[in-house]
Structures are given as C-alpha cells and as structure tokens.
Amino acid sequence: MRCGVQSCRAGLAALAIAVSAGVAAADPVKVGLVATLSGPSAVLGQHMRDGFLLAVKEMGGTLGGQPAEVVVVDDELKPDVAVQKVKGLIERDKVDFVAGVVFSNVMGAVVKPVTGAETFLISGNAGPSTIAGAGCSPFFFSASYQNDQNHEVLGQYAQAKGYKKVVLMAPNYQAGKDALAGFKRYYKGEVADEIYTQLGQLDFSAELAKVAAAKPDAFFTFMPGGMGVNLVKQYRQAGLAETVPFLSAFTVDETTLPATGEAALGFYSGAAWAPDLDVPANKAFVAAFEKEYGYIPALYAAQGYDAAKLIASAVKATGGKLTDKDAVRAALKKADFASVRGNFKFNTNQFPIQDFYLVKVGKRPDGKVETMIAEKVFAEDGDAYADKCPMK
Amino acid sequence: MSTTLVLVQVLNGLQLGILLFLVAAGLTLVFGVMDVINLAHGVQYMLGAYLMVTASAVTGSFWLGLPLALAAALVLGLVLEWLVIRPLYGRDHLEQVLATFGVILFVNEGVKLVWGAGPRAIPMPEALSGSIRLMDGLNYPVYRLALVAAGLAVAGLLYVLVTRTRAGMLVRAGASNAPMVSALGVDIGALFAKVFAFGAMLAAFAGAMAGPILSVEPGMGDGLLILAFVVIVIGGIGSIRGAFVAALLVGLIDTLGRSFLTDLLKLVLSASAATQAGPALASMTVYLLMAGILIFRPRGLFPAPA
C-alpha cells in the first residue's frame, strides 16, 4: 500500500477513533503518557513507560475502577515536538490526564499548554525549579522530585562526612549548573575546581587528569546518560575510584548500570528510591517489574508506577467524575496510594515531601548490579522553592 | 599547573586525535575517491561498536570477536553501498546528504530495535586491562596506549596501501579522474563499492576499539561525525595524510583547550567570569582552528591535486 504522510495519518486517526469509540461506552479514563522514546536518552522514557503500564496492567487495565486508555507519545526530546503532540492529546484524544515527561526542557514547554487547558499534568520525572516556585500550577502534580533535591543529598552527605576539598563536574548547560548549585547549597567546604564539560562529551581523560592533580577528598558529578557511562568507566580505569569517592546524581542508576557493570561498584548517588528500598509496595513492584520486562527498574520506572497509582487514587475517590476539576485536584492532593517510596505526601506546591537516601552501587546475590540504600540523608524533605509558590 | 600534568594532557590529546583519525580516514577516502558525502559514516562507527558487543559476547573473546565484527561491518558496508549509495554517484551533494541522513535515522532506530535503547558495554581484553601510573593518583589504562598503537598501525597500513599497491594506485587515479580510469577498462563501480565497504570497515574498527572505554549507545557516532568532518576539511578532503595531521591537531587543541583554557583565563579575568567563558571558549577552539586554517589554506592543509 502506498500513501502520503497526510492520508496515512488520517487513516490511523480514523482507526484510533474507531478503537476508542468501542471502549467509550464504558467511559474510560484517558491518559496521555509523554516519554522520550527515541534518541540516545530513550532508555529513560522506556523505564518510565514500562513502570506506568505495569501499574495499569496490575490493576486489570483500569485506573481507579474505570477502564483505562493510555496513549503513549514520544516527545523525541524536542520541546516543539512535545508541544505539538501534547496539543493533539488534549484536543483530539481529549485525555483526562497528561503524565510522564522525562526532561525538564520538555516539561518547560508543555506545562503551559496542558495546565492552560485545565488538564492535570502529573510529572513522572522532570521537576524544574520554575514550576516548583513562582510558576506552580493547581493543575500540576509531581510524582517524582524537584530537580535540586538529589544533588542536595550529596552536598549534605559530603558536608556531614567532613570532606574538606571537593572537585565538581557537570556538562555546561542549565541543568549542569543547577546541579552544582544544588550540591553547594549544603556543602560548605572548599571547592577546588568546578569543571564544565561539553554536553555529549565522550572522553574525560583530560578532566580526570585535572581531578587527580587537585587531590580532592571527594568528587561530585552530574553526568546523565551515556556521558555518565563513559565517565564511570574512565574514572575506574584511571584508578581514581580507589582514592577519591565518586558522588553523583542521575549518573549511576539502573539505566546506565547494565553498561558500566562492576566499574560502578561502590559509587554513590542520591535518590528518593532504590530497588532494595524496604517498603512492601516496593518489593512487590520490583519483583513484578523484573518478571514482566526482564530488567531491573530504575527510579524513572518507580516514578512512572507511582504516577499511575496516584491517578488511580484520584479517579477512585471521585468515582470517575473527572469533569469536576476541584474534586479531582483535592483527591490528587491527598496522595492516597501506597507509594513504592513509602513516605509520600504533597507539599503546598504539589511536589512531594519524601525521604532522600544516599545510595551505593552494589552487587545482588544473583550477581546483577544495582543501586542500594546506604543511609537516609533527608527525612520528609520538601524542596527549596515551595515558599515561592503562591498556592497554599 | 605542573609539567607532568601538561605532558599527561598532551598524551590525552594525541589519543583523542588517533581515535578521530580512525573515523576520519574512511570518511576522507570515500569523499575523496567517490565524491560522495557520506553522513552515514557516524552510524557505521556505531554499528561497528554494536557488532562488537554481539561478536565479543558470542565468542567470549575480544580477539575472536574483532575480526567477526569487522567482517560483518564490511558486508553491511557493501549492502549499504548497493542499496543507497550506488544510485547517488554523480548526483548532487545535497541529494547524497539527504539520503545518507535518512540512513542515520534508520540505523539509529534500527540498533534500538535489535540491541535495546540502553547503553551497552564491550569488555576490555584481559591482556590489556592493566594500567600504568602516570602521575600521583592517576593511572593510564594500557588499553588506551594500545588504541594509540592500533591507530598508528592503521595509518601506516593505509599509507602503504594507497601509495605502494595497485589497488591504491587505482584509488588515487579514481580520485583525480574517475571517467578516465573507467575508460581505461577498470570497473569503477566495483572499485567504488570496495572503497566504500573498506571505509565502513575502518569506521567499524574505530567503534569496536572505542567500545571498551566509551559507552555503546544509539547516536554515539553523531557527535563524532561532526568532528570527523572538521578533521577532513582541515586536512584537505581526500588526503589520508591530511586527515592524520588534522586529527592529531584537533585532538590536541580540543584536549588542551578543555584542560587549561579556564585556568589561563583566570589570569586575566575574574574567577567567575573565567568559569563562565572558559568552557564555552574551549568547545569552540576546534572550530576556530578550522576557520583560521581555511582563511590561509582554503582547501585544507594537504589538498588533493586538482
């Protein structure tokens, strides 16, 4: 069959309408799930999507007792593409919730179109400071964290540990600068060097030589995705792992550990969750996830799972009457679900108040490598921007 | 800033340059000989790494995996030439760019289907997994030295191949006047196919060798492709010798810029301004170098004879 892009799309749209019309009789809950599913960072979106869909599957294809229809879209890590697709979700698919979004720049672009249309946006990962602070919205809920918090965990840990001198390193873009600022909010010792690298840099040998020359007590970095894999391997190969503790955020987790393997053993990260977190809901989640997908979930998967459970709790509490926005919002705000993170409630800015941990890469009895809880660093921690949010 | 640190950084720069040369050599060969702009060269580098992931896992050995991966890359290169490149000979460069860009999108998604979206790793060969202590607190992996040696070996091999063999003579002749070579009874189509597949194999070799120190992931060749183009433009399109010199130059300038520019700027600017400007400037040095060289040598350092 040959067809142009436009006519093909029309055909697919007609098919989608036909399918949804068949289910519409039961008045389904429609959720648009936005995730980065192509490009080098696709693995993050894959974790989040799988976590979300696992929750829906476990609830028998429903959300809060109503049949669920999840429309998964790929934002391609391009803000303009994301806006276009989100508008399609709202105007064409008429979704009740938009969930997901891995990256903050994508979130920055879609938050206005979604909340402006009075549709609830449940973040499965991104938590930029703008939305946590003055730009907060009654239609925005975060099922994840505020971006700075994970970095603050390491800053607090380095301070408590009494490290006198550290070297910091991050890619030269906004999130990288925010990361180092978050670390320094709690760390008060000497920063011997702040190294900014190119985004997407492959080889860190020049930077690692500088780290070795500075002889710090610890090294903190934010190096997401493949950059982190390269850095971890090269850090180990340079022999620095034995002498300078490796503190990081969003650098060693279950999305990168399959590639770094044992090179990352003993490396630290900060997170609100780890696969071995001792909460009954989490034990069940991790076991079910590994059985379903055959890989260990990362925090993105846990957050996607919680986002689905959060939506389900609100649908249940309102009896499926999703047109009453105030009632839905009040129900969401209660966070009446068993989070895989244990402690979980919403702050005034509708970001979570939760515990944060230092996690350390370790080996499980079956030989696989994962992050493991080392110690609790912050208990019931709200973010630094909630005060700036006018909502009460 | 000690002398040792400077020497270590020079070594790092050379090593990055060698890696760039491995990627750029095939690119300049294809461009110079066939007059085809092959944007897909970066994904051929990536494919080499992914093939090596599988080959080393299946055989359980780096050394057995490497020839297997290279052979597979050679075959894939021939297939790509037959499918996509062959209809584009003599066509506009823009059409070649469009078609090979399409190949990038296709292959990047393709590897995700086959190998998954997450980063993968190639285990380092046991014999080369040691390291040498270069300075206090810093080890230099023996594997990186092996990478430098492999790059130099490839450079030597290419030199002999291009200047001393019959195949090399045909390649050089094809580069300067393809219709004439064809008129003399040489099957130029077959020659082009071989050159293209060889270029693909060189890229795959770079990918397979880089695998143990870099992460193997979709899109890993895209950034490197841009640097490889910078290298062949600086070196003079079609010149292996130019690519070699330019790759080392780019590797050194990039590494030294990243290492010392911020510290140098701190001598003239305030610390915070230097921290702002240093990394930005460091990421530009390579392109400034290219612009500077093109002003004085518009056809690169070693232009191919017209």
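One-based numbering along the chain as shown.
Backbone N, Cα and C atoms are what each Cβ position is placed from, and that goes for glycine too.
Taken from TrEMBL, the feature transmembrane segment covers B:12-33 (among others).
Residues or ranges marked as transmembrane segment in TrEMBL: B:45-62 (among others).
What TrEMBL lists as transmembrane segment is B:68-85 (among others).
If you look up TrEMBL, you'll see B:97-122 (among others) marked as transmembrane segment. Here the transmembrane segment (B:97-122) has long-range neighbours at 37-40, 42-43, 46-47, 49-50, 52-54, 56, 62, 80, 84-85, 88, 208, 211-212, 215-219, 222, meaning same-chain residues at least 6 beyond its ends whose C-beta is under 8 angstroms from one of its own.
Outside the transmembrane segment (B:142-162), and at least 6 residues removed from its termini, the chain residues within Cβ reach (under 8 Å) are 14-15, 18-19, 21-22, 25, 124-125, 128-132, 168, 171-172, 202, 205, 209-210, 212-213, 240-241, 244. The transmembrane segment annotation in TrEMBL covers B:142-162 (among others).
Feature annotation from TrEMBL assigns transmembrane segment to B:169-189 (among others).
Positions annotated as transmembrane segment by TrEMBL: B:195-214 (among others). Among residues of the same chain six or more beyond the transmembrane segment (B:195-214), those with a C-beta under 8 A of the stretch's C-beta atoms are 19, 22-23, 25-27, 29-30, 33-34, 36, 38, 41-42, 44-53, 62, 65-66, 69-70, 73-78, 80-81, 85, 121-125, 141, 143-144, 147, 150, 154, 171, 174, 220-221.
Sequence annotations record features per position, and here TrEMBL assigns transmembrane segment to B:226-253 (among others).
The transmembrane segment annotation in TrEMBL covers B:273-296 (among others).
Simply put, out of B:12-33, B:45-62, B:226-253, B:226-253 has the most Cβ pairs sitting under 8 Å from the transmembrane segment (B:273-296). Residues 29, 32-35, 86, 162, 195, 238, 304-305 of the same chain, all 6+ positions outside the transmembrane segment (B:169-189), place their C-beta atoms under 8 angstroms from a C-beta of that stretch.
Each of B:45-62, B:68-85, B:226-253 was scored by its Cβ pairs under 8 Å to the transmembrane segment (B:12-33), and the highest score goes to B:226-253. Counting only same-chain residues 6+ beyond the ends of the transmembrane segment (B:68-85), those with a CB under 8 A from a CB of the stretch are 34, 36, 38, 40, 44, 47-48, 51-52, 54-56, 58-59, 96, 99-100, 103, 192-193, 196-201, 203-205, 208.
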